[in-house]
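Here's the structure we're looking at; comments come further down.
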Amino acid sequence: MGKLAVAAAIVGLLVAVWGRGTEANFNTDVEITWGSDKAKVMENGNLLQLTLDRASGSGFKSKQEYLFGRIDMDIKLVAGNSAGTVTAYYLSSLGPTHDEIDFEFLGNVSGEPVILHTNVFSQGKGDREQQFYLWFDPRLAYHTYSIVWNPQRILFYVDGTPIREFRNLEAKGVPFPKNQPMRLYSSLWNADDWATRGGLVKTDWSKAPFVSTYRNFRADACAAAAGGGRPSCSSARGAWWDHSLDGVAAARMRMVQQKYRIYDYCSDRRRFAQPPPECFASR
């Protein structure tokens, strides 16, 4: 069985059991943060479009803050030649010691694979990048990108398939995001100084406007009450609260990492002569 057939089988098995959070409405549950008319909410709040042209990109954020939960979004990335563009989809708090959980999609020329870049920031410290090629072209159709964040771990999923786990290893001196509520953010912007082949391939503005499209935003999470305040997880916790990978899911994640992961900070001796302590733990 080929790689794509194996991946499709994995997705079919996992989607059946993954479930769905409460579906949000873009009219009421997010706000445009920049780009003004380049961000559009359509279809009665069920669809959101971000646009990038030479003048500006665009972005949005969730109105609610979350402290632990599961976030899902269906995204269709910039079609065709997307070199130089970045579509970012992430959770983040604010300030110099912020926490952050990142999906970033680095555009590429037509026919070349988009790179999925992931990272985790804890107390202002990042540098925990892993990058993947996907087993499909994310520019052709919607795919679901999910973050599960609980006190024990952070899990990154693509179409229900786990691709990365970042465990709580505070006992080994590794900071873990657990105290700062985070909002969901997304943006489409020009990063041709670094995004495609380290900046060697520039954005072809004759292809503008570039568009990424979003639907089915689901948040099953501990959210701040109306008027703000720290989110509470004292009740109504979802299945994500103590979610972990069983043996089958862990094996699927290892398969994805072996076949599709193209960069792991733990293996980068030029940056880390002594790998960070979490790199010695089973991941």
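Counting starts with 1 at the first residue shown.
Positions of Cβ are set from backbone N, Cα and C atoms, glycine also.
Remember, TrEMBL labels are computer predictions, not curated facts.
According to TrEMBL:
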type     : residues : note
ACT_SITE : E100     : active site, nucleophile
ACT_SITE : E104     : active site, proton donor
DOMAIN   : 16-214   : domain 'GH16'
CARBOHYD : N108     : N-linked glycosylation site
SIGNAL   : 1-24     : signal peptide
Alpha-carbon spacing, the residue listed as 'active site, nucleophile' to N108 (N-linked glycosylation site), which is rounded to whole Å: 25
Sequence-distant neighbours of N108 (N-linked glycosylation site) in its chain (C-beta under 8 A, six or more apart): S82, A83, V114, I115, T196, V201
Cβ atoms near the residue listed as 'active site, proton donor' (within 10 Å, other residues, all chains): 19
